[in-house]
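In Swiss-Prot this protein carries:
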- GLY57, GLU58, ASN59, GLY60, ALA61, GLY62, LYS63, SER64: ATP binding site (BINDING)
- 25-261: domain 'ABC transporter 1' (DOMAIN)
- 268-515: domain 'ABC transporter 2' (DOMAIN)
Amino acid sequence: MNACASASSLHSLSPAVAPQEPYLLEVLNVSKGFPGVVALANVQLRVRPGTVLALMGENGAGKSTLMKIIAGIYQPDSGELRLKGRPVTFATPLAALQAGIAMIHQELNLMPHMSIAENIWIGREQQNRLGLIDHREMHRCTAALLARLRIELDPEEQVGNLSIAERQMVEIAKAVSYDSDVLIMDEPTSAITDKEVAHLFSIIADLKAQGKGIVYITHKMNEVFAIADEVAVFRDGAYIGLQRADSLDGDSLISMMVGRELSQLFPLREKPIGELLLKVRDLRLDGVFKGVSFDLHAGEILGIAGLMGSGRTNVAETLFGITPSDGGEIVLDGQPLRIGDPHRAIEKGLALLTEDRKLSGLFPCLSVLENMEVAVLPHYAGGGFVQQKALRALCEDMCRKLRVKTPSLEQCIDTLSGGNQQKALLARWLMTQPRILILDEPTRGIDVGAKAEIYRLIASLAGEGMAVIMISSELPEVLGMSDRVMVMHEGQLMGTLDRNEATQERVMQLASGLN
């Protein structure tokens, strides 16, 4: 089937034909190790046609490692994969794709300087009679695919100009374009809005009707019970079990995942009464946001809520000097402050954990140690020498405090799970000893156990007098952690709510532009 034909197969959804084999995909006793770490130990998994299998587990449980084995990125040390009952081995991701397995990665893998059409059909470009790439035909195929998926994007738009949510939809379109029997979705909703989640779920329902098998990795309980037929749980590299989704509730699923009962997810805190640290008045960035005013006190957690495109992240980046403001006033410790670049912000005690760790946080080719030390390196260097022993001791201490799971500090950070990468980045900024910590989506892609750890850490930092600004798309997180909640809509501050008046209904009302 050619590229356009595979795309058009979504157009008419005929009832799935029951296959002779009971399973599309089987994983039998697969093991995989890395230096100093057993990532998988004799795990198993089975995917039925026309079903969604949710794969759950804490960060480091082995979920992503197994998916990379299925997708041909890693090779297993032992065990067997079967596709429609036949043993298979995939030496490369291309081999897995050609066999009918497509994967949507948690960290998006698109070419930013290429168009949407070029990204979707890369390696499968339509050619004309002269053997040249037929850009017109590629455009037509892409437009047809996007239309059938109800994705409103221009096929010729450069991917680098898209939002994270739009890039995620392009990844989904690309995976669907292969007409694969098995689709692996690794945290597909981590960066998209509730409306786009509903859109994705409708696409998944269409794929189920065609007899496709979906492996759906997520940390969001509500999604599991909304979309999954079965749930498989991994813990510490081991397969714990598989159950029908309708036979589980949230507490039993969490218990399977973490091997223990979780205490209250959001720590109980008394509202702090600290000194005024930061005063912002009428802050604006032309064409992006305007009229943003707020106060921030020591020991306070200020949440910022809003839909995607509301300007939340832009406010954080302006406060940190990434995009200097076009007007307004920032006052720190009673003194007017102009923050023209991140170096100035760090000097004044600000730190920013960005929303996209791959794009603007990690140095993927460097070690855990090198990624953690980069923000404090100037303080440990002088006279042509670096105080390596002191730096290592500091990084080791932060790894222990934040429970960063890594075989060693020399390990390439790109090999860690998403949650451990996030904790390493948080450690980087805590080593600068900030007075104001700005967190943009701090628990995106992190499992429920790790979330509880992050929440306790944030509460502890606030209890020690640190001021925290927390941006999040998860309303329970904003409401559960914040002393006050700012709500933005299309670049405007709609209101600031105290904890006792901040409800999901009221926040969503303001986030939608309704007073």
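Each residue, glycine too, has its Cβ placed from N, Cα and C.
Look at GLY57 (ATP binding site): DSSP puts it in coil. Of all Cβ atoms in the shown protein chains, 28 besides its own fall within 10 Å of the Cβ of ALA61 (ATP binding site).
Around LYS63 (ATP binding site), taking its Cβ as the centre, 28 other Cβ atoms fall within 10 Å, counting all chains.
Other Cβ atoms within 10 Å of the Cβ of GLY57 (ATP binding site) number 27 in total over all chains.
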